[in-house]
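Residues annotated as domain 'RNase III' in Swiss-Prot, with sequence analysis given as evidence: 24-154. Residues or ranges marked as Mg(2+) binding site in Swiss-Prot (evidence: sequence analysis): 67, 140, 143. Per Swiss-Prot, the feature active site maps to 71, 143; the stated evidence is sequence analysis. Marked as domain 'DRBM' by Swiss-Prot on the basis of sequence analysis: 181-250.
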């Protein structure tokens with residue numbers, strides 16, 4: 001069921017020019033959806049840099065509120081999709097796969113495949129700094145488009161759109177074993193939750209050179225996890241990343 005918010009968009013935004021309306025029509029063809037109110041899609045493509053803080057002090061005109069909503073819709077649809085598609089996978093495995101499926105890398109790739117980058121509205125400074133090609137901006141715009149579609153046409157329409165984007169990507173993610181690479185998975189989680197990268201520290205090295213063992217801690221945000229251990233720094237880092245990921249994601253087993 002649509003939330004019928006077209007009047008809100010029309011009150012808070014200037015009318016679309018004929019050129020912009022035609023541009024959005026072409027994008028909708030690429031997306032495979034049709035908006036009742038194209039101003040919703042226009043707002044989803046409007047980056048914060050387009051407006052001064054005075055112009056948009058309530059966040060009504062740029063896309064960040066839609067991004068917030070789209071992130072929630074995307075997460076729910078992705079979780080249900082994986083639950084049905086992977087009936088033999090346990091909760092931790094599903095969570096790892098989902099983290100990659102809705103990551104900034106995946107969403108920015110989706111944005112490029114749909115040519116969303118061609119339709120973004122950016123401020124002059126952001127445009128000059130290469131914002132049209134920044135993964136975070138592309139991923140955020142993808143989530144905002146999902147949120148706009150939910151507002152304009154309802155959950156079912158948004159769900160169909162998201163499933164069309166995600167389903168073809170589930171198998172490649174599984175086949176590449178990205179969900180078993182705990183360092184990559186932890187990096188995704190750290191970026192999404194803390195906007196930072198995990199930092200690994202060798203805290204101890206034991207044994208002779210021919211049989212050495214490394215002990216590694218990892219710091220994510222302000223929290224420290226570990227130690228993980230292994231016969232190489234790489235394997236010890238993977239072990240520490242697994243410990244951190246399981247605790248941060250709430251999948252630590254007794």
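Any Cβ shown, glycine's included, is placed from N, Cα and C.
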Output field, Mg(2+) shell: CB within 8 Å of site CB centroid, site 67, 140, 143 dropped: 63, 64, 66, 68, 70, 71, 139, 141, 142, 144, 147
The domain 'DRBM' (181-250) [mean pLDDT, rounded to integer]: 89
The domain 'RNase III' (24-154): DSSP-derived helix, strand, coil residue counts: 92 helix, 2 strand, 37 coil
Other C-beta atoms that fall within 10 angstroms of the C-beta of residue 143 (Mg(2+) binding site): 25
Neighbourhood of residue 67 (Mg(2+) binding site), C-beta criterion under 8 angstroms, separation at least six: 140, 141, 143, 144, 147
Recorded positions compared (71, 140) - the one with the fewest other Cβ atoms within 10 Å: 71
Residue counts (helix, strand, coil, in that order) that DSSP gives for the domain 'DRBM' (181-250): 33 helix, 24 strand, 13 coil
